[in-house]
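Going by TrEMBL, these are the annotated features:
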- A:16, A:20, A:23: [4Fe-4S] cluster binding site (BINDING)
- A:2-219: domain 'Radical SAM core' (DOMAIN)
């Protein structure tokens, strides 16, 4: 039997006031009328806790877009879960935050798009940056730990020192600097987002120096730009190993991007018990452990280090999710990634960023 | 860290008991630590009052075979994970 999961990523809604072109939500967003209702989410939380979940990440889209967010927070906290609010900060007023914290929000993760207002608002597609400065002040004032999350790409990577300084000014306890992962809208916009090798070579030592300087004050988590690496990311620390995602419409996913794997039979909490899905479903067992692996993963010394990388990326770039993640230097498909890098990091004409569609 | 250092759970981290795993756990931003019996006893004493020296003595009384360096190493790991901070 699989070990119990620690985390539940609850994507409460795909609705979002931001229009970031790097969004990893799927191109086909779940509509409001198809979202789980309050009672269904209560049941998801009950089942998740019974299964072993201790961390509940309330995310989206923008979770503040759910009118029942206070009740959902209260329910998850009442079960003893550590409740993370993952937010754009838009719509977070002093009054709403005080209510959410009183009901059990333990930690706030706030997205930031760039180091300065003009750049950040261009990436977000709306005037968002000033709201984030206010939101950070509110969170630190109420005394809840703050994580600042920045998605890095060609258009903001040169500003990484400024982003670190901004997170320090905001009073963040943690800073996640996550190079864009190419799923959903981000894959659609890859040619406008992929950083150059030179940009990464300049940014990496800045991040490393800040990690040293701020140790004990602000933890900096750096997520690699995997297309440029020789080894894949240890995606989800293994398929169906530590965390599960429930999408706004109740689909239960081993990874937030897993709907891209066209031949994966995805189950829904409307039809099946969460424990049955975690332990016995085809989708969660498809790439669990190491038995599914082919060469070169099967005999690789790193097979329990990076778990063959990302199944979704293998599917997107090789049309077979059981292949080695093609970013791996040992993958027979690494050439595909090198061609993408050659073509897309130095475009002759800079492509426009296709903004995520507006709410429906 | 010295024997006079006073560890305490960092604000935002929380010690809890997980009935599913039948273990004490520490919950903190983006993380969970499942504690064994000794670690749970140490974390319980990271109360902002007891010194490392106090904790070492208490653990030696309650658990046979627990060496002072075991306690120090455990607290160092908790500090490195951002779960415990040291005063003094």
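The backbone N, Cα and C atoms fix where each Cβ goes, glycine too.
Note that the coordinates shown come from a computational prediction; the quantities given were computed from them, not determined experimentally.
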Whole-number mean of pLDDT values that fall within the domain 'Radical SAM core' (A:2-219): 96
Cβ atoms near residue A:16 ([4Fe-4S] cluster binding site) (within 10 Å, other residues, all chains): 23
CB-centroid shell, 8 A cutoff, [4Fe-4S] cluster site A:16, A:20, A:23, site residues removed: A:18, A:19, A:21, A:22, A:25, A:61, A:124, A:185, A:356
